[in-house]
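J.: So Swiss-Prot lists these for the protein:
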type    : residues                                                      : note
BINDING : Arg53, Pro54, Leu55, Ser56, Ile70, Tyr71, Arg72, Gly77, Thr78 : FAD binding site
BINDING : Cys221, Cys226, Cys229, Cys244                                : [2Fe-2S] cluster binding site
DOMAIN  : 2-102                                                         : domain 'FAD-binding FR-type'
Amino acid sequence: MIGRERMTVASQRLIAERTYELTLSGRLVQEMRQPGQFVHVKVAASADPLLRRPLSLCHIDHKQGQCTIIYRQEGKGTALLAQKQPGDTVDVLGPLGNGFPLEAAPAGSRALLVGGGIGVPPLYELAKQLTKRGVKVVSVLGFQTKAAVFYEEEFAAFGETHVATDDGSHGTAGRVTDVIEARSLEFDVLYACGPKPMLRALAERFPNRPVYLSLEERMGCGVGACFACVCHVPGSETAYKKVCSDGPVFRAGEVVL
């Protein structure tokens, strides 16, 4: 159920280059269930910046009533968010969207989780929930450079984890697809989140496998009303789906990347 609340900042810390881990407390956490969903955050009380920021849920803790989001400071909005201190409040709308289908990976199966950059965070809650369901999780995380790497140890707590960096400064030199090929990683289902070129490469490499992709798009409303985040459906010039409400997770081939 979608709700809105002024959630309280429990903690915030810099975990990698321009990358922050923000933990929020509030009643709205009890509505957060599905990995891959996101929240829409208003970073300031004023009208500037006007639009909310869509931020993926990284970790959901119902017992503590807290959720964690990880974001990269890129513009004015996220710069303001990075200034928030414990005790401050943030206007949050959510949870929004359709997340990763857990039922696609039954107990005893092998799930490959592939994340690129700021697309890594939503895979953490997914890894946690899949592991609880008896699924073997293997993670491949891609970053530009060593300074951008985060949550390597956290993912390793759930299973085999590999890191790739574009410049070779940490882990395997190259891209996530290079790791999958070099390690001959097998899977029953693949879940991924990251930049479109990465998602496209995965969809093309595994055309006949169950592959679920979480898209990252700029959004206006977050609830499907403004049509700012539409993507086309294959084989049609007029049909489309909304990333915010139909997604952000789609099965490979469901939308044009």
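If you go along the chain as it appears here, the first residue is 1 and each next one adds 1.
Cβ atoms here come from the backbone N, Cα and C positions, even for glycine.
The model shown is predicted, which means the values in this text are computed figures rather than measured ones.
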J.: Which residues, in sequence order, are found in the same chain with Cβ within 8 Å of the centroid defined by the Cβ atoms of Arg53, Pro54, Leu55, Ser56, Ile70, Tyr71, Arg72, Gly77, Thr78 at the FAD site, excluding those residues themselves?
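T.: Not counting the recorded site residues, we get Val41, Ile69, Leu81, Ile118.
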J.: Would you mind pulling the longest C-alpha to C-alpha span across Arg53, Pro54, Leu55, Ser56, Ile70, Tyr71, Arg72, Gly77, Thr78, which the record has binding FAD, in angstrom?
T.: 16
J.: If you run the three-state DSSP split on Leu55 (FAD binding site), which class comes out?
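T.: Reduced to three states, the DSSP call for Leu55 (FAD binding site) is strand.
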J.: Note down the number of other Cβ atoms within 10 Å of the Cβ of Cys229 ([2Fe-2S] cluster binding site), including every protein chain shown.
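T.: Step by step: centre on the Cβ of Cys229 ([2Fe-2S] cluster binding site), count other Cβ atoms within 10 Å, giving 24.
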J.: Of all the binding-site residues given, namely Leu55, Ile70, Arg72, which is spatially nearest to Cys244 ([2Fe-2S] cluster binding site) at the Cα level?
T.: Leu55
J.: Using a 10 Å radius around its CB, how many other CB atoms surround Arg72 (FAD binding site)?
T.: 16
J.: Using all protein chains shown, find which of the binding-site residues Leu55, Ile70, Cys244 scores highest when you count other CB atoms within 10 A of its CB.
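T.: The largest 10 Å Cβ neighbour count belongs to Cys244.
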J.: Taking Cα atoms as reference points, rank the binding-site residues Arg53, Ile70, Arg72, Thr78 by distance from Cys229 ([2Fe-2S] cluster binding site) and give the first.
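T.: Its closest listed neighbour, by Cα, is Arg53.
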J.: What are the sequence-distant neighbours of Thr78 (FAD binding site), meaning same chain, six or more residues apart, C-beta distance under 8 angstroms?
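T.: Long-range Cβ contacts: Val43, Arg53, Tyr71, Arg72.
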